[in-house]
Each structure stands twice: as C-alpha cells, then as structure tokens.
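Annotation comment: Swiss-Prot describes 30-37, 57-61, 75-78, 142-145, 174-176 as GTP binding site. Taken from Swiss-Prot, the feature Mg(2+) binding site covers Ser37, Thr59. Taken from Swiss-Prot, the feature domain 'EngB-type G' applies to 22-194, supported by sequence analysis.
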Amino acid sequence: MDVNNVELIISAVRPEQYPETDLPEYALAGRSNVGKSSFINTMIRRKSMARISQKPGKTQTLNFYKIEEALFFVDVPGYGFAKVSKTEREKWGVMIETYITSREQLRGVIQIVDLRHKPTEDDRMMYEFLKYYDIPVIVIATKADKIPRSKWQKNAKIVRETLDFDPDDKFVLFSSETKMGKDEAWQFIKEGME
C-alpha cells in the first residue's frame, strides 16, 4: 500500500472514546520493546509517527492511527512489562481485552514477536487468547536483520512451535531496517480487509 496520509486520531482507554467509523482496524500486540512502533513507522513510511522509546511500557492507551482513509492501525500497550504496577497491568489487560473482544471493526491482530528469541509465556498466552476468540492473526517475526539469514527458518520454526501456530494464520519475517516483509504484511492486511 502506498501510504501518504496518516493521522493519530485518538488515544483511547474506554469504548466510548473509540472513533465512530466503519473502517477496518488491525490491532498491534506485542511485548514491551519488541518493535511495535518501528513496525508501524516502517509500514506507513514515517520515521516517528509512532513514538519509539528505549523505555518499555511507553504506550499506555489504545492509539488509533488512520491510514489513507482506508483503515486503522490500533497500537495497544505492550504486555509483559515488569516495571509497571500489577494494578496498571491489570487495567491495560482489561482495556485490551475489551477492545479485542467487542470491536466490530477489528479485522485481525498483528502480533509482533522477536525472531531472535523464543516467544515468552506472555506471547504464547496472547496468541492463545486471540485463537480462543477466533480472531485472525498475522504474526510478524521482527528484527530478522539482527540474526544471520541461515538462522531465519530455524528461529521461525521455534516461534511457530512455541505459539502452537495455526496454519490458517499468516507469518511474516520482518525487518524495520531493511524493510523485508513490508509488502507481504500489507498483502495479508489487504486480504483481511476484503
């Protein structure tokens, strides 16, 4: 997709704050500091539309990015961040669950994992949660440029096995540095919008 127009419409915490729209939405889920903001910025060809932080746990709201009057990316708080209070994590959990289980415009979730590492228990639980609610998932295995090409398939296999990956879902090797996987990710997103 050729992206020229992107706008952060709202940062929401409750359903009544969600934008009133019929446009399809894709939520972006992933561990804190896994590269969600870098993924968004790569996909929309912007350097800093989604704030990239060295500090995990920066995103604390549902951030609705309208793309080309065609769809929304919804950046959700990263999970698995230990330095946030248990109460705060529980609030985020309720906020994310409410959005994912009740939003009619949601076409799928883009779950971002780090190709360099075996998915965490939090990654596995998120994927299992999405499958329980029968939500289509595009797994983006990011940071592919950080490991030798010869390890890509081995690491991808570990990710798939750890998540108990559903073959009906999509899987993309991705790099924000080289833009590898960008076109493939857009293709899967477009297919889900039809």
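Each residue, glycine too, has its Cβ placed from N, Cα and C.
Sequence features, as recorded in Swiss-Prot, placed on the structure.
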| residue | record | DSSP class |
| --- | --- | --- |
| Gly30 | GTP binding site | strand |
| Lys36 | GTP binding site | helix |
| Thr61 | GTP binding site | coil |
| Pro77 | GTP binding site | coil |
| Lys143 | GTP binding site | coil |
| Phe174 | GTP binding site | coil |
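Take the binding-site residues Asn33, Ser37, Thr61: by the count of other Cβ atoms within 10 Å of each Cβ, the lowest one is Thr61. If you measure from the Cα atom of Gly30 (GTP binding site) to that of Ser37 (Mg(2+) binding site), you get 10 Å. Neighbour density at the Cβ, taken as the number of other Cβ atoms within 10 Å, is lowest among the binding-site residues Gly30, Pro77 for Pro77.
Of the recorded residues, Lys143 (GTP binding site) and Ser37 (Mg(2+) binding site) place their C-alpha atoms 13 Å from one another. Nearest neighbour of Ser37 (Mg(2+) binding site) by Cα distance, taken over the binding-site residues Thr61, Pro77, Phe174: Pro77. Cβ neighbour count for Lys143 (GTP binding site): 20 (other Cβ atoms within 10 Å of its Cβ, all protein chains included). Around Phe174 (GTP binding site), the same-chain residues six or more apart in sequence whose CB sits under 8 Å from its CB are Phe39, Thr42, Leu115, Ile140, Ala141, Thr142, Lys143, Ala144, Met180, Gly181, Lys182, Ala185, listed in sequence order.
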